[in-house]
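Enquirer: Mind having a look at this structure? Questions to follow.
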């Protein structure tokens, strides 16, 4: 509009002014018009990136429903309300703790033109846009907060059926407020895991690679879950006095399948969303490429996990196939931007096999993980990061990482999560706060911890044995 108005004004003034003055006016007006276009383009790009990241964050948030359904379906009906309550609190406690403490720990110092202290991520101007950034601080916090909640809720399945609700709240607060943000800082906040190789123009040439969080998110949750399962011990009846394994099947495999499909869809916010931009052709191509790799890895995980379980047990096991999908998704999370399509299939296939074999090994050593949280998130999280140091990377800049850097980063993050959460669970156990009594466990945590039943039939019969 300014360009058109300026031209009309120039034509009108040409009747009264010399030609030289007219030419000067036209040049000035043309300059004004040109100066408007970059601002408009920047605004459109800013809107695209923020809208994209917001929608991806919503998808990741909805993954909480997927985790809830998987955990409910693979556990006894008498623990349904307890599991749903834990998932609800993971998101709620996680959002508040990550706001007040976690985000500042993960991204200390200044955030664009906004000061980001250790207490809360805010300051004057936090509600304003940041056009010098590709997205606003608000949407960035939202995206990071739902990642923190995801890390926390992984543990819920590993400790299902025997952990006190108040103890779980303590764990959830510590992980989302301290443990996850610190390991996240090491990688995504510019911490020591990104400081390998020569320092050139203020940036290190090499660093630990974990694109969307196979280790930073999933292995943290997986190894925290392993610590919880070890300190809690197995569920009542899971092993005989002689040490023989006794299956305790979940009460609704359909719920578990629904949960996996929800998680699979949510992963398209998790992995493609970590591209963090959607305004250029390159960003769009990269986002779709990541989505394709994510799909291929999940599919390969399903096929291989089903095949391996079929070979080991004589029949195809649906729950193994479901966990194979999740294992493939976790594995590709670290390298979905770097692997070729064919290598993504390899990553997912190996993850599918690792899930089944890890579940078998845990059973042999009598660690009770009702939903396979550690095999899926811990083992496959490790594999996803190490795959970057083992398999050829078609799209990773040469020399940006190495096998040893990937090993150092992966071991450090896993050890951090396992050791710190072992201390937390150990203290809770020492003060008698960790596990419910045998009588409460037998009755079910729905009635003993929450005083209600999830299903009317349980209330009528006085409980559930499934």
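Glycine too: its Cβ is placed from the backbone N, Cα and C atoms.
Note: TrEMBL annotation is automatic and uncurated.
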Enquirer: Transmembrane segment per TrEMBL sits at which of 111-128, 345-362?
Expert: 345-362
Enquirer: Of 189-210, 211-232, which span is tagged transmembrane segment by TrEMBL?
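Expert: That would be 211-232, per the transmembrane segment entry in TrEMBL.
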Enquirer: Of the residue ranges 20-39, 320-339, which one carries the transmembrane segment annotation in TrEMBL?
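Expert: That would be 320-339, per the transmembrane segment entry in TrEMBL.
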Enquirer: Can you see whether the transmembrane segment (211-232) and the transmembrane segment (290-313) are touching - at least 3 CB pairs under 8 angstroms, only pairs 6 or more apart in sequence?
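Expert: Per Cβ check, the transmembrane segment (211-232) does not touch the transmembrane segment (290-313).
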Enquirer: Given the cut-off of 8 Å on Cβ pairs that are 6 or more apart in sequence, determine whether the transmembrane segment (141-161) and the transmembrane segment (52-76) share at least 3 such pairs.
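Expert: Contact between the transmembrane segment (141-161) and the transmembrane segment (52-76): present.
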